[in-house]
Every structure is written in C-alpha cells, then in structure tokens.
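Undergrad: Grabbed the feature section from TrEMBL, which reads as follows:
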TRANSMEM  A:33-54  transmembrane segment
TRANSMEM  A:74-96  transmembrane segment
TRANSMEM  A:117-141  transmembrane segment
TRANSMEM  A:161-182  transmembrane segment
TRANSMEM  A:189-208  transmembrane segment
TRANSMEM  A:240-259  transmembrane segment
Amino acid sequence: MTTAIAALPRKRVSLPRVLKSEWIKFWSVRSTLITLGIAVLLLIGFGLLASSLYGDGSDPGGPPGNEPTDPISASFTGTNFAVLAFGALGVLFTAGEYSTGMIRSSMAAVPKRLPVLWAKAAVFAAVVFVVALAASAVVFTVGQSLIDGGASWSDPGVARAVVGTAGLLTGSGLLGVGLGALMRSTPGAITTLFGVMFLLAMVAALLVPESWSDVVQYLPSEAGDAFTAVTQQEDALSPLAGLTVFSGYIAATLGAAAWRIKRSDV
Amino acid sequence: MIEVHDLTKRYGDKTAVDGLAFTVKPGIVTGFLGPNGSGKSTTMRMILGLDRPTSGTATVNGRPYAEHPDPMFQAGALLDAKAVHTGRTAYHHLLALAATTGIPKSRVDEVIDIVGLHEVARKRVGGFSLGMGQRLGIASALLGDPEVVILDEPTNGLDPEGVLWIRNLMRDLAAQGRTVFVSSHLMSEMALTAEHLIVIGKGRLIADVSVSGFIESASNESVRVRSPHANALHDLISGPGTTVLSIDRGLFEVTGLSAEEIGDRAAGAGIPVHELTVIRPSLEEAFMELTKDAVEYQSATIGATR
Ligand SMILES: Nc1ncnc2c1ncn2[C@@H]1O[C@H](COP(=O)(O)OP(=O)(O)OP(=O)(O)O)[C@@H](O)[C@H]1O
Ligand SMILES: [Mg+2]
C-alpha cells in the first residue's frame, strides 16, 4: 500500500528548495497568470493608445487632468493602471494562500515560516521584473515609433525611465505581497494598496498645509514618480533618493509581514 | 512518537486546550476523541507548529516539529479544513509541497496512486468533492513517507469504501512502525481501528486508556428481570454489592449480579422468570457517559420532558 521508507532519501528544507516550491506555485494558478496578462495589457494597451493619440496631434490620451505633456510619458500612460494590477497580483500571491487555507500546508512543510515569505518575494520580484521590463521596453519602443519625432533609447533619462518603470511595477507588486501577508485578506490588502499608491497623495495635496509640502515628496507614489520620470519635477526627490524611499516602504511592509508571520498563529 | 506536556492554548479568554499531557506511541493507531470544540484540532495544529502554545510543549520524535531540518519526513498531517489553493491542480499542489524538501516527482505520482486520485490529479482542486479533498489531504500527509502521521477526522466525507480504505491504511502505517494519531467523534469507529485512546473534553484530558481497557470499563452491564412474583424475587437477589432498580410492576434492572446467577437463584426458589436480558451500554453510550460533563455544545432535546 505505502512504499518502503528506505525508498525516499531524506533531504532538508532549504531556501533554494522553497524558492523552487514558490516558483511552481506561481505558475500553477490560472488567476495569477490572467492577472499578470492583464497587467501587461494595461501597460502596453494604454501606452500605445496614448502614443497614437499623441502622435496624431489630436487630444492627448491619458486620464483627465493628467494628460501626457511629452512623448515619453505618453507611452507610459498605462503605468498607473499597471501599478494596481501588479499590486493586485502580489496581493493574490500571498493573501490567496490565507483565504484558501493553503498557508497551513505551506507552513507545515516549512515550519520555520519566514523562508516562505522571502521565497515568495524573491520569485515574485524576479518574474515580475522580467515581464515588466519587457513590457515597458515594448511600450516605449513601439509607442515612440507612433510619434513623429519620438524619443530614442539614447536620449537622456530614457533608459532610466524604462528600467525605472519596471522597478516601480515590481515594487508595487512587492508592496502587494507584503500587504497580503500582513493583512491576510485580498480585498483589504488591495484597498490599502490603492489608498497608499493613489489616494494618499491626493489627500495630502488637499489637506497638508503649504509649509509641510516637503513631506509629500516622501509619499510612496511621489517617490515612485521620482525615479520613473524622464524629466525631473521641481520639489521632487532625486531619482536615487526616490528609489531609496520607495524601497524603504517595501522593506517596511515585508518586515511587518515577517513579524506577523513569525509571531502569530498560521 | 508525539509527546505533549502541559499544553495550553488560549484564544483571547477562551481556553481551547487546558494543560494537556499525553504520549502517542509508535507502532499503534492512537485515537483522539472528544466532542465538538473540545480542542482536538487545536492540539494537532500545535503539534505541527501552526499554532503557538500559550504554554507547554509538544514534540515530534523528540523535538518541536519546527526544529526538525526535514519536517515532512518526520510528520505528515491531514488538517481539518481544506488546506489547499482551490485554483491549483492536485498534482501541482503536491509538487509544490514536495519541492520544499527535495521530494522527487516520482513520489508525488506514487502518493496520488496510493490515495486513488489518479484520474483527477490534473484537475483543479476547487471542483473536488469533500471525499476527494480528504484523499488529497492524506496524499500530502504521506508525501514525505513520515514516521508520524496525524489525521484530523480523516473519514469525514468519505464513502463506506473510503472509510474502509482509511481504516486499513492506518493499520498498515502503524504496522510499519509509524506513529498514527487520528481524531474522531465516533467511539465505535475508533474501537475498530485504534489500539489506544486519548479522550479529551473542554480541552482537558479525560482518559488515556487502551481500547480494550476502555471497553472493559464500559461494559458495566446490568440485567433486566421480569417476574410475576416480583417481591419474592426482589428479596432473593438484593444484598450487598447489588443494586435493584424497580422499573415497572414486576420489572427491575439489576447490577452487580450476572444473569446466570439470577436465573439460578430464581430456579432454586421455584420463582418463574419471564424475562432475563443482559443490557450492555454501547461504546458510544459509554463514551458519552465519560464526556457528558465536558460537552461544550449540547443539543437540546426538543419536547423531551425527562
Ligand atoms: N483560531 C481560533 N480563534 C479562536 N477560537 C478558536 C480558534 N481555533 C479554535 N478555537 C476554539 O477553540 C475550541 C477548540 O476548537 P477545536 O477546533 O480545536 O475543537 P475540535 O475538538 O477540533 O472540534 P471538532 O470536533 O468540532 O472539530 C473551540 O471552542 C473553538 O471555538
Ligand atoms: Mg476539529
């Protein structure tokens, strides 16, 4: 009925093995793949749409009040939508284990617990960065070809904007991974992510007094803008500072998730 | 081997497990019995390191489960609720768990065959029936060919064929020298499979006995006697060590004397006896008797006036 004990060599749990497990998990849920596809479509679809409108010289595309002012940002019109989609993907990757109960199997297999979180974050970051980088290179290259006098890869700031966009999308996804593990609820974590990435800056713009406006540039969305924009805004952080601040938010969220995972019951 | 010492778990001010201590030995099936909400699942989760004890310890093969470098080879478990991502196939679920500790694909196929899920292994778990879900849980418990197998109500949702299969599986695992710890509500089920019993109620240990010991202590039998000469018979059989309970005119229940003894005495005195029935409580009744003070969620008997 069961096979002999001797047949199965005993191996230890190790980080590379947990990475492999998370890799298998990532690619074996259809909703994950669909969300990944949607995220890519949003980035490329909106980018190309806005680029062709911009190229026409007709009304520039993009969300009202936020129309692109230069050819490069026209191609990256889809970034905001993609931020949410990649964020949701990250949330699904962790919170989905809690909502289905899978987490108990995962943690019984890796009872030290934290390797599961680190492996999830690493697999997610690697996959999403590659996908997002490809998508952002495609949307830039094709988008600019639709625009007369569009930018080229050798223009200053372009490479940074393309890679930075991939970094922003990966980072938003990692925020989702952390929030999902911290809150253990898909709707809760997606709502929080939306609030942090979009509402916070709007609310701050309305409520924060003028003398405090320095604080606004440290918000996650503003820090993200700082390293994805081709042309730097005044009163924004430098690209490197923006990247550092944004990474800080990711580290803090993952750290909080790790603390909760280690401390509380599965 | 599972060892539990002074194990306590509180959720807020609810004490789910209260100072439990017991040992589950290898080579036999040990039944873990208790009414709903008595703390069986909580205890099992603590043994697996999923819930942190408020105090006390639980060890698997001499160490806390989480401190083993190769946990899946030490213990495998079927937990009470489905612990599977519904969007994944059974095969990929097992493959992902196996990967964490280097268990090869061939073993995944093997456990799928053992539990009889071959036909549906490539289907998503979301569409599985309760019984198929249980089988998948058992497959994951067996993945590491573990020394300790923990099953939380494994027969839940299984058809009679499945119940029989589980029973044989547990016996085989124990016969191979493994520790098999299985929870259930059904005393009768455990009497068929288990050799040892750990009974809890409201999180506390009520009994830690061998099944044969339990059956012996439970067979506190009485004899129902019916006779037209009740008074004479009553005098004949009452005495120290026997209780005679009058139930109806000419009918009583006697404990402390065997049916043979009563019949012989009646015959000796020439008293006619119309009925002589041995009444043995069922295991289930004995179990309920044992745990009656520790039942948390008692059903009210509608319309009963007793
Ligand atoms: N995570 C939790 N938070 C709060 N209370 C809990 C939690 N888990 C269990 N409990 C409570 O602890 C008690 C023991 O529950 P447990 O599930 O261990 O019982 P059980 O013996 O497995 O019951 P059943 O036979 O119904 O499966 C119950 O009163 C339950 O409500
Ligand atoms: Mg239970």
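Along the chain as shown, residues are numbered 1 onward.
Each residue, glycine too, has its Cβ placed from N, Cα and C.
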Undergrad: Cβ under 8 Å, sequence separation of at least 6 from the ends of the transmembrane segment (A:240-259): give me the contacting residues as numbers and ranges.
TA: 94, 114, 117, 121, 164, 167-168, 171, 174-175, 177-179, 181-182, 196, 218, 220, 222-227
Undergrad: At a C-beta cut-off of under 8 Å, are there same-chain residues at least 6 beyond the transmembrane segment (A:189-208) that contact it? List them, or none.
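TA: Sequence-remote neighbours of the transmembrane segment (A:189-208) are 80, 83-84, 87-88, 91, 94-95, 172, 175-176, 179-180, 182-183, 215-216, 219-222, 224, 249.
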Undergrad: Counting Cβ pairs under 8 Å to the transmembrane segment (A:33-54), which of A:74-96, A:117-141, A:161-182 comes out on top?
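TA: The stretch I would name here is A:74-96.
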Undergrad: Which bits of the chain, at least 6 residues beyond where the transmembrane segment (A:117-141) starts or stops, bring a Cβ under 8 A of a Cβ in it?
TA: 15, 18-19, 21-23, 26, 36, 39-40, 43-44, 47-48, 51, 72, 75-76, 78, 82, 86, 89-90, 93-94, 153, 158, 161-163, 165-167, 169-170, 173-174, 177-178, 181, 254, 257-258, 261
